[in-house]
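Database features (Swiss-Prot):
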type	residues	note
ACT_SITE	D101	active site, proton donor/acceptor
ACT_SITE	K166	active site, schiff-base intermediate with acetaldehyde
ACT_SITE	K200	active site, proton donor/acceptor
Amino acid sequence: MSLKDSAKIALSLMDLTTLNDNDTDEKVITLCQQGKTEFGTPAAVCVYPRFVPIARKALKAQGTEQVKIATVTNFPHGNNDIDIAVAETKAAVAYGADEVDVVFPYKALMAGNEQIGFELVQQCKAVCQASNVLLKVIIETGELKTAELIRKASEISIKAGADFIKTSTGKVPVNATLEYARIMLETIRDLNVADRVGFKAAGGVKTAEEAAQYLALAQEILGHDWVNSDHFRFGASSLLTNLLAALNGQANQKVSGY
């Protein structure tokens, strides 16, 4: 597959993201506008819950209402208070989110507690399922670090009802890596849930070349046809600029951002 071909696919799989403390309505509107490209639109935009209504309005105004709106809960620290995570998820759904990316209580798992993670995901899933909202679970691979813990967090999340497992918040020193992605994709394969569980690489995927490596990895493990927006996403902001440069046949630009 050529770089242009993989860049076009990667664009269609993006959750175009802004999750900054200084986000404003204007920045969210600009994000939505950036997602309307001559090469198509991303799968979703991802914003903080309070910006979901403004994103909905912006997407509709520009004729791209097919773009989903994702948001985050229990973010970014993955605290182990189930009630707060559930309350935040209920609020996110009430704001009108199509998808919720909840942070798994990874520190509890690192301390040996598997139950909190299971219950938190299970209860958030119940909230989402009642409103036909997709639930992605961020396991924070760069903090879990070991293959054993990454696999365990993936398994717990899947068994508790996750629709997607996601590498990272983008708020810690180490985010998505191909090594971590392989463990998560192989867990989806080994549990025989590829028909109902997807994978999202977030943070650290910045170039068309890097995106192509993730696509190739997913195709190797789960098959060519599996890689579509129902099963695979990139969480990114700066990646879009680079993909558009590749699609326009320009040399890669150095970009900063998530």
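Just so you know, the numbers here start at 1 and follow the chain as drawn.
Even glycines carry a Cβ here, placed using N, Cα and C.
Feature annotations (Swiss-Prot) mapped to structure.
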| residue | record | DSSP (3 states) |
| --- | --- | --- |
| D101 | active site, proton donor/acceptor | strand |
| K166 | active site, schiff-base intermediate with acetaldehyde | strand |
| K200 | active site, proton donor/acceptor | strand |
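The Cβ of K200 (active site, proton donor/acceptor) has 27 neighbouring Cβ atoms from other residues within 10 Å, across all protein chains displayed. The Cβ of K166 (active site, schiff-base intermediate with acetaldehyde) lies under 8 Å from the Cβ of D101, K136, V137, I138, I139, F199, K200, A201, A202, R233, G235, each on the same chain and at least six residues away in sequence.
Neighbours of D101 (active site, proton donor/acceptor), defined as other CB atoms within 10 A of its CB across all chains, total 29.
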